[in-house]
Structures are given as C-alpha cells and as structure tokens.
Amino acid sequence: MLPVKKTARIFNIQKYSIYDGDGIRTLVFFKGCPLRCKWCSNPESVESGFQVMKQQSLCDDCGICVAACPKNIHKMRPMIDGEKEHFIDREISCSGCRICEESCPKNSLTVMGQDMTVPEVMDIILQDMLFYMSSNGGVTLGGGEVTYQGDFAVELLAECKQNGIHTAIETCGYTKWETMKKFVEVTDLFLFDVKHFDPERHRELVGARNERIMTNLEKLFQAGANISVRMPLIKGLNDSMETLKTTVLYIKKIQTNGHLKSIDILPYHKLGVAKYEQLGQTYPLQDVDMSYTDDELEEIRRYMAQFNLPIRVVKH
Ligand code: SF4
Ligand code: SF4
C-alpha cells in the first residue's frame, strides 16, 4: 500500500521578502486560523477551506464559470434591468479544483488554497539558496496560523534546517503547548504576536482569551527559544500607553536573558480591505481611522525608550 500523502493547505508562497525575519526570505503562508482578529489583513488566510476571490471590476457576467463549476457555486441572478449578473454562492463548500479560475476569460477569479507536500514546498524554497546565504536570510512560515497544521510545518522546518536554512515562524501563539513545543527544536526565531494583555479585551478583539498564548510565550522563553514579540498597534483598540506599558513590563519579567531579540510594535493599516470585498465579506473596522502620524509614532517611541528593552516601532 502506498503511504498516505501528507499535505498542508498553503495559500501563498512569497519569495524575496525582506520582512518577517532577517535577510532575504521565502514566506510560506498556511491557511486556517483559530483567531478572528478584527484588523486581519489576510482575510483569505482565516478559513481552512478553499475560497474563491473575485475581482468584480473584471467580470463581464459571461457565465462561463457557471457552466464549468462542478459544485454549482457560480450562479447567475437577474438584475433590475432584465440582464443577469454572476455571483458566488458562498454557502456551498469549494473543492479547490480550480476549473473556474482556469476557465474565466477575464482572469477575474482566484482560488485561495493549494494542498502541497513537503517536497513540493521545498522545491520552491531551495530555488533561492543563494539569496538566503548571501543575505543571512531564510524561510518564514506564517498564515493564517502555522501551528494549526503543526506536524506538517515542523517537518518542513526540519527539512529547511537539514539544508542549512535559517527558520522562523510567525505565530499568534494560540495552540496547545504539546504542539508549540515541537517547534522549539526546528525554529531559529519565533515572531510571536501579543495583541492585548487583558484576557477579556483580547477576547473582544480576536474571539478568544489570551491565557494560553501568554503561557506558551513564557514556556518558549523557558525552553530557550529566540523570540521577537510583535505587538500590532490598532488605533483606539490596544494602543493606550497604559496597555503598552503593562504588556512590555510583563514581557520584561518573563523574558530569559539573551533570548528576547526584539519587541516590534507594528502600526496597522487597511491594506487588506480590497481582499474582504473579493471574498464577499465586510471589513470589520470599516469606519476606524487606522493611520498614525509620524508625530504619534515618535511619541510612542519616546515613551518606550524608558523600559530599556530592544523595542522598535516598525512602520511597513
Ligand atoms: S474551484 Fe472548483 S469547486 Fe471551487 S468554485 Fe471553482 S470550479 Fe467550483
Ligand atoms: S467566467 Fe469570469 S467573467 Fe465570466 S461570469 Fe465567471 S467570473 Fe465573470
């Protein structure tokens, strides 16, 4: 009998990134996340299932995808003027066959999610060995939430390590310690999100309390992991000086000397809004002005300087 084919659902592999770790990196994005952050800029990453994104402005309602889709997800409906328009029935689950994507003459459709094996992902990663070596770069796994498909991710990271590639993961930390601890041996750097220190406020903002996340962070420090803590800065939601101070002092208390690489404060933006529309969803923070002025960020920078920690305010 053939061995069971082990795959993970990946929604993007981005090469030549200079974010999410040092040097030039390949980023592998896993589909599926246990949290529901209101500001998520990758809404296509949240659900584990395949999803179709549609660029409405390209579609001319030709109906070709309607005839092509074996699951009857693409449909036509009448408009007031008597013409018909195309829409996607998002109640029906998509099989990811990609027939609609390939058949659309206007390139209006993109199917998010592809099931890939470790060798398939490694083939792409290994193409850029020269860049990793010349820039002290490597590979970063993100998502979605990478621990959601933990066994596959650990296997992929182990394969990277065997090839001498620096490894990082970006994680929300919301998983069992039994899963998280498997990453310690194969991950050179954890980019670990702390979104709010208060458990109840955390639940309001992302759909789950944070005790499990904070415990995992403490245990990772105890296990000797190298960690950059990332704090997304969302205007009016988690950016009071009091909240930032409490979080930073907590990290100062639990860190193990030498293993806290940085605390990165990341002012958020609305870059993902168009993707919500393409998924037929509404952006939860539609009416929130999320932009920070340079003066506001400078004030946060100055305030943070008092804590004597490697804190950076990073504007992408
Ligand atoms: S990927 Fe396949 S199942 Fe999904 S919407 Fe397209 S044609 Fe239908
Ligand atoms: S095939 Fe493309 S252009 Fe035609 S209805 Fe479907 S999405 Fe629109």
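Cβ atoms are placed via backbone N, Cα and C, with glycine included.
Please treat TrEMBL annotations as automatic predictions, because they have not gone through curation.
In TrEMBL, the [4Fe-4S] cluster 2 site is described by Cys59, Cys62, Cys65, and among Cys104, Cys160, Cys172 the residue recorded at this site is Cys104. A strand conformation is recorded for Asp193 (S-adenosyl-L-methionine binding site) in the three-state DSSP classification. All protein chains considered, the CB of Gly144 (S-adenosyl-L-methionine binding site) has 28 other CB atoms within 10 Å.
Each residue in Leu35, Arg36, Trp39, Asn42, Pro43, Ser45, Val46, Cys172, Val206 lies on the same chain as Cys33, Cys37, Cys40 and has a C-beta within 8 Å of the C-beta centroid of that [4Fe-4S] cluster 1 site, without being one of the site residues. Only Cys59, Cys62, Cys65, Cys104 of the binding-site residues listed as Cys33, Cys59, Cys62, Cys65, Cys104, Gly144 bring a Cβ under 6 Å of any atom of ligand 2; the order follows the sequence. In terms of C-alpha distance, the listed binding-site residues Cys37, Ser41, Asp193 place Ser41 closest to Cys62 ([4Fe-4S] cluster 2 binding site). Taking each Cβ in turn and tallying the other Cβ atoms within 10 Å, the top scorer among the binding-site residues Cys40, Ser41, Cys65, Cys104 is Cys65.
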